[in-house]
Structures are given as C-alpha cells and as structure tokens.
Amino acid sequence: MRKPVMAGNWKMYKTPAETIAFFEKFRPLVEKSSHCEIVICPPFTNLAAAVDAVRGTSIRVGAQNVGWAKEGAFTGEVSGPMLNAMGVSHVIIGHSERRQYFNETDETVLKRTQAALEFGLTPIVCVGELLADREGGRTEAVLAGQFQKGIAGLTEQQFAKIVIAYEPVWAIGTGKTATPEIAADTHRAIRGQVREKFGKEAADAVRILYGGSVKPDNAKVLMGQPEIDGVLVGGAALDPVSFASIVNF
C-alpha cells in the first residue's frame, strides 16, 4: 500500500520568525499523524529555521527548487549538496510557476531531478496542463509530453525514488478544483504512462499527488480516490490549523 504524502508548498511567503511560529502551532496538531508523510517546503531563507523546528519529529523539510550542478558559477541557484547538508530531504521540481515565470522546461526538469537524486534528495516532480489544454481535450497529450521529456529519461532505479505531483494549472490559486473523478482519471492516465515506460511494479509503487486549490473541505473526498496518493498544498498550507486539518483528513 502506498503511504500518502501530504506536502505543503509555501512559495514566497513567511519569514524565519513566522516559520518558527507556524511549527509551534502545527507540531502538536500532527504528532499522531503516522498514516502519512508530511513534507513542508518553505523558501530557501527559512529552511534552516524549519529544519530546527521539526527536529525530533517525523515531519520532513523540502526545498522549492534545486540547481542541476554540484557547484559553480550559477548565480541564484542552490545545489543539492547544500540542501542535503542543511537537513533538507525533498525538493519540488518543475512547479507550474517555475515553468510559467522562470522558463523552466521539461529538459531542465529532468536535469534538476537527476541532480536531486544524485545528492540524496527526494524529488516531487510536477506535471500539469493549462485550461486551454483541458478544454481542448489535450490533457493526456500534454502530460505525456511532459512525462516523456521530463521523467522518462530517468533510469528505473532513479524513478523508484521520485514522487509525482499532478497540478492542473487552471486550478492553482484560482479556487477551482478538478473534481475527484477528473483528478483520479488523470492520475490513472499518468500511472498508465509509468506502466508503459517502467513496468507494472513501478506504476503500482509510485505515489502521485494532487495539487490544485486543495483545502480542508475537499481534502477528504480527494484522498478518498484510490489513485490519489497525497496532496501538494499551496495557500492552505500557510495556516497551521488548516494544513493540519488536511493532513488529518
């Protein structure tokens, strides 16, 4: 059975002091939540505070991006070894906002994913379609293209260590949410692509998260779909009570 991953993406919010305050409220609310893996991904400036705040718990800390090189003249980038040395365990790669605003491509997603794995991080690799793709019936084709260019280049051993997050771009920060049935159907299609490339065992094992306006009032019904193995939460993960409610669906 696949253990759910409940991940929070803080994007560009909170200071280190606010991070500490969040965990002071959040930790007691999830101390018995052994049914899932909890990962919180704050901005780079808050990683040290977050790692200190979760010490002694099962809560994991993730980054929101990782450089594809070990070191070098890459202004603004943070490498896998740097994150690993801080105690970071996960990293979000290929989020739609990275693709939209910073020209992230499927090819750079693959490079970052390979680097994360090389340096001991668990990648949460994001895929998703635009509203025009959904309305035009191109969802599966778009996701297949992202999979082929951004994920299929991994070896079987590498693929076994990643988590996939399906984030319909039209549902991020809009208040719109894919119905549980639409989300499950899309997850099923992604799992089918995994089966074709990496085999049935890999398809049965990989965890596919849903991300797109996840809130306390829809988390339970989303998690009731057998194809959905967790969630990648944005705005609702900024509030400790709200995110704890999602974790404890």
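One is the number of the first residue shown, and numbering goes on along the chain from there.
Just so it is clear, glycine is given a Cβ too, placed from its N, Cα and C backbone atoms.
Keep in mind that what you see is a predicted model, and the values were worked out from it rather than measured.
When Swiss-Prot records Asn9, Trp10, Lys11, Ser213, Gly234, Gly235 as binding substrate, the matching candidate from Gly173, Gly192, Gly199, Gly224 it lists for that site is Gly173. Take the mean position of the Cβ atoms of Asn9, Trp10, Lys11, Gly173, Ser213, Gly234, Gly235, the recorded substrate site; other residues of that chain with a Cβ within 8 Å of it are Ile172, Val233, Ala236, Ala237, Leu238. Residue with the densest Cβ environment among the recorded positions Lys11, His95: His95, by other Cβ atoms within 10 Å.
Looking at Asn9, Ser213, the binding-site residues in this record, the fewest other C-beta atoms within 10 angstroms of the C-beta turn up around Ser213. In the three-state DSSP scheme, Gly235 (substrate binding site) is classed as helix. Other Cβ atoms within 10 Å of the Cβ of Gly173 (substrate binding site) number 13 in total over all chains. Shown are the binding-site residues Gly234, Gly235; of these, the residue with the fewest other Cβ atoms within 10 Å is Gly235.
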